[in-house]
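Asks: Sharing a structure here in structure tokens format.
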Amino acid sequence: MQTEKNKYPFLHENKIRYMRTLVQSGFAVFCLWGGYRFYLFYLWGTGRSEAFVSRPPLVEAFLPLSALLGLKRFVLSGVFDPIHPAGLTIFMAALTIGLLARKGFCGWICPIGFTSNLVEKFSKKIKILWMPPSWIDYPLLSIKYLLLAFFAYIILLKMPLQQIESFQKSSYNMVADAKMLLFFLNPSGLAAGIMIFLVLISFVIRNFWCRYLCPYGALLGILSFASPMKIKRDMQTCIDCKKCEKTCPASIHITRKTTVRSADCIGCGECAAACPVDDCLTLSVPGRRRVSLYLLPAAVLGIFFLFWLIAVTTGHWHTAVPPEVMKQLYPSLANLPHP
């Protein structure tokens, strides 16, 4: 009988990995390009440059709390956030991906995840990567869920709709992306120390930020339990080589499971591609024991670009705040208080 790997000879570990790296690289380059253009817009807004460069909407992807506020307002009132619409669009796309294609947003799109992968590869080469034992790992895993619970409590439970609407209309929220840029351009001593610590520890502990601290990833992980896509393991054909575990970016103990339901699974498909035994590790959906691994990235990218297309065509991608208004607010960025 023709197996998946015989039927698709290009479907092996390196091909999947190269494909994921290519997709991640594309999004990372796009984010860098957007960041550069936003910096040029910031220079124009602060009067340091005469050359006008339009503000790239994608910078709103780095305002997840604003997106969570926008989502609550949209659900309760039907009003789509006019200040940071791209941020809300990307957030809704990520949530939908989590529901349908596991944490595919983390595994295929997120530039932070891509950076963590690059750091991991470097650390493996110089052999300094360390996996904390379970008595350290499990308590650390709880941090991102505690952060998620905190933000969910403050925004979803405590903050009334009227307060959200007031915040979204505030000058502070209109320039929140510029405030974020200013934070990274001129960090305080404490902030700089924390960022340096996070960078350095990521060279030693695999995917430190993503695994232990990211509340965004924690939310997507919870949603991924509803995903119809799952990696299944055939215990009868498994040879216990543990190649799947060695290649798994999320350090999941795959050989202890028959179905990978972990909230840490990022839907990369590398475990199934690395398995040397045909049909031992396979991607499955309800009603089908095995489907092509390429269904995962196809679903992730398809959902993401569908949301982008809908947002662009319906006028929910670009902010309603005119550049001239931002230029009036930018000179006083450092003095704008949080409402």
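Quick reminder: no glycine exception, Cβ is built from N, Cα and C everywhere.
What you see is a predicted model, and the numbers here were worked out from it, not measured in a lab.
Feature list, courtesy of TrEMBL:
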{"type": "TRANSMEM", "residues": "21-40", "note": "transmembrane segment"}
{"type": "TRANSMEM", "residues": "52-71", "note": "transmembrane segment"}
{"type": "TRANSMEM", "residues": "138-159", "note": "transmembrane segment"}
{"type": "TRANSMEM", "residues": "180-203", "note": "transmembrane segment"}
{"type": "TRANSMEM", "residues": "209-226", "note": "transmembrane segment"}
{"type": "DOMAIN", "residues": "229-252", "note": "domain '4Fe-4S ferredoxin-type'"}
{"type": "DOMAIN", "residues": "256-286", "note": "domain '4Fe-4S ferredoxin-type'"}
{"type": "TRANSMEM", "residues": "293-317", "note": "transmembrane segment"}
Asks: Work out, from DSSP, the number of helix, strand and coil residues along the domain '4Fe-4S ferredoxin-type' (256-286).
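Replies: Residue counts in helix, strand and coil order: 6 helix, 7 strand, 18 coil.
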Asks: Most CB pairs under 8 Å with the transmembrane segment (138-159): which of 180-203, 209-226, 293-317?
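Replies: Between the stretches 180-203, 209-226, 293-317, 209-226 has the largest tally.
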Asks: Checking distant contacts: for the domain '4Fe-4S ferredoxin-type' (229-252), what same-chain residues at least six beyond its ends satisfy Cβ-Cβ under 8 A?
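Replies: Non-local partners: 13, 100-102, 107, 117, 120, 131, 206-207, 211, 258-262, 264-272, 274-285, 289, 295-296, 299.
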Asks: Of the residues in the domain '4Fe-4S ferredoxin-type' (229-252), how many are helix, strand and coil by DSSP?
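Replies: Across the domain '4Fe-4S ferredoxin-type' (229-252), DSSP assigns the residues as follows: 5 helix, 4 strand, 15 coil.
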